[in-house]
Amino acid sequence: MQQREHWKELDGLRGVLALGVVLFHFGFNSFTARHGWAGVQFPLAVDVFFLLSGFVLAYSARNGIDPGRFLYRRFWRLSPVFYITLLMAVLVSSDEPHPLEALAAVPWLGQTPINSPSWSVSWEFYLPVIAVLSGVRIPQKAVRPLLVLSLVGLGLADIWVETLWVYPLRALFGLSGGYLLYRSGFDLKVPMLLPVGLLGLSMTAAQYAPVVAFTAPFFACASILAGRHSNTALSTPPIQLLGTLSYTLYLAHMPVFMLMEQVANVDQNPLAKVVALVISLAVAGILTVCVERPLMRGFRRLPAASAP
């Protein structure tokens with residue numbers, strides 16, 4: 001597998017899904033419902049993020065992994081943008097975050113965080129770190145059966161995708177499913193837009209019949225496997241730019257929306273939502289250029305012994 005091709009297509013998919021989450025929070029489904037279309041079950045995109053993260057983490061650990069270095073890198077990959085956008089949300093909100101949310105990003109508080117999309121980032125940090133520090137290695141013969149169980153579990157959880165109690169299950173089954181998918185040895189050489197299209201149909205149909213959401217993890221896995229070989233519209237520069245901004249856009253758009261709610265009647269003002277989207281993209285670009293990318297480049301320049 002060529003790393004560059006793998007990243008190119010899957011980053012494009014991540015970017016499109018991140019934009020979908022933004023549109024969902026900005027009222028896309030409410031807008032389409034007024035015109036006779038229920039919209040898209042965009043919260044399912046978060047489960048694809050979990051699968052992608054698990055898959056990529058398994059790829060990065062294919063030749064072994066140093067737990068201390070992994071913890072160090074994972075912290076600096078996720079935390080700076082997380083806390084900056086948390087501070088942004090606190091500054092523009094009348095609510096106060098739970099102390100543990102502010103201090104440790106603890107995801108099992110049974111409440112929605114003040115920057116609501118950030119709930120998934122907490123799981124993206126803690127679950128892989130716990131898995132790596134535990135030192136548990138799944139026997140190869142158990143990988144494929146466990147993969148099936150993980151995807152079935154994720155599919156069942158996705159039927160109730162917007163219910164708070166399934167959030168931990170979605171994170172657990174999604175991250176483990178992506179990890180097991182990489183180790184399974186499965187492959188799929190078809191144009192990536194085919195499984196991505198089926199994933200989109202599944203997410204759309206789930207708005208009308210929630211049980212259809214059960215299929216989404218399977219189409220997502222097919223998309224990930226196909227993405228290692230394809231060169232589709234997901235690799236074009238505009239989509240790649242979305243992929244580059246995906247993490248910062250995912251975390252920055254809600255504080256921007258909260259601010260716009262205070263200065264304009266954003267729910268009843270489509271133009272204000274367009275402005276909020278443009279501002280969100282701009283803020284995401286600033287965070288990517290000034291925070292996320294410099295830290296990642298700096299870490300890659302460190303010798304292995306420099307990381308604790």
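Every residue, even glycine, has its Cβ placed from backbone N, Cα and C.
Note that TrEMBL annotation is computational and uncurated.
The domain 'Acyltransferase 3' annotation in TrEMBL covers 8-288. Taken from TrEMBL, the feature transmembrane segment covers 12-28, 40-59, 75-94, 114-134, 146-167, 208-227, 239-259, 271-291.
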The transmembrane segment (114-134) and the transmembrane segment (271-291) contact flag, 3+ Cβ pairs under 8 angstroms: no
CB contact flag for the transmembrane segment (75-94) and the transmembrane segment (239-259), at least three pairs under 8 A: yes
Recorded stretch that, among 12-28, 208-227, 271-291, has the most CB pairs under 8 Å to the transmembrane segment (239-259): 12-28
Segment confidence, the domain 'Acyltransferase 3' (8-288), expressed as mean pLDDT: 90
Non-local residues, at least 6 beyond the ends, that sit with Cβ under 8 Å of the transmembrane segment (208-227): 6, 9-10, 13, 38, 41, 44, 47-48, 51-52, 55, 151, 154-156, 158-161, 173-174, 177-178, 181, 186-192, 194-196, 198-199, 202, 234
